[in-house]
């Protein structure tokens, strides 16, 4: 991994020209803003050593869970400009057909994905903030595990917010509107007023109908499952075509 910030120092001026040419219909006030936004984003990218530290912290948080794999950092080959990690190949999580051929249980993988994010957010307050298919893969170790890459974008959650989220989950499970409202107040999401009766009644209504809505969503997903699988398979094919074209170039 070589940080793109280094490349920007060389090609930054060309990017500015590119935006001026690509968006000629923009008024002058907008074009520089677009260019500057790209420049700022590139220059704010974290260093390889910081990303390596993020990866190790993430790995430590999941050290007792065999369904998540984080490539080991090779510190002896990592510098302020280059991040070197263990090579851990896998299948992109959106390549449905390939996952089926691998023989892994996709439902279990889905559960692992959800559990891993609950663990990240509620237990550690430190989470992967860029979980697209290019950063999450699957192999057949332990019957199927998640491989997580790219720790350049991470998020953190303060303890009071984590506690509030936990209370929200408990409140939803128990259909306790008062508990949900108090948790939202604790997190600063809801500002208490003199009379919370209307808010409490509305919350209770949604909590009471929550299971019914979930059941309806399950039925809808079940009816559209074949379409979703086909779309994911098609997307996987497009990804492979792009990779092949990139290798040829």
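Glycine is no exception: its Cβ is also placed from the backbone N, Cα and C atoms.
TrEMBL annotations: computationally assigned, not manually curated.
Here is what TrEMBL records for this protein:
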{"type": "DOMAIN", "residues": "49-183", "note": "domain 'ABC1 atypical kinase-like'"}
{"type": "REGION", "residues": "217-249", "note": "region 'Disordered'"}
{"type": "COMPBIAS", "residues": "224-233", "note": "compositional bias 'Polar residues'"}
{"type": "COMPBIAS", "residues": "236-249", "note": "compositional bias 'Basic and acidic residues'"}
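Counted with DSSP, the domain 'ABC1 atypical kinase-like' (49-183) comes out as 68 helix, 20 strand, 47 coil. The predicted model assigns the domain 'ABC1 atypical kinase-like' (49-183) a mean pLDDT of 92.
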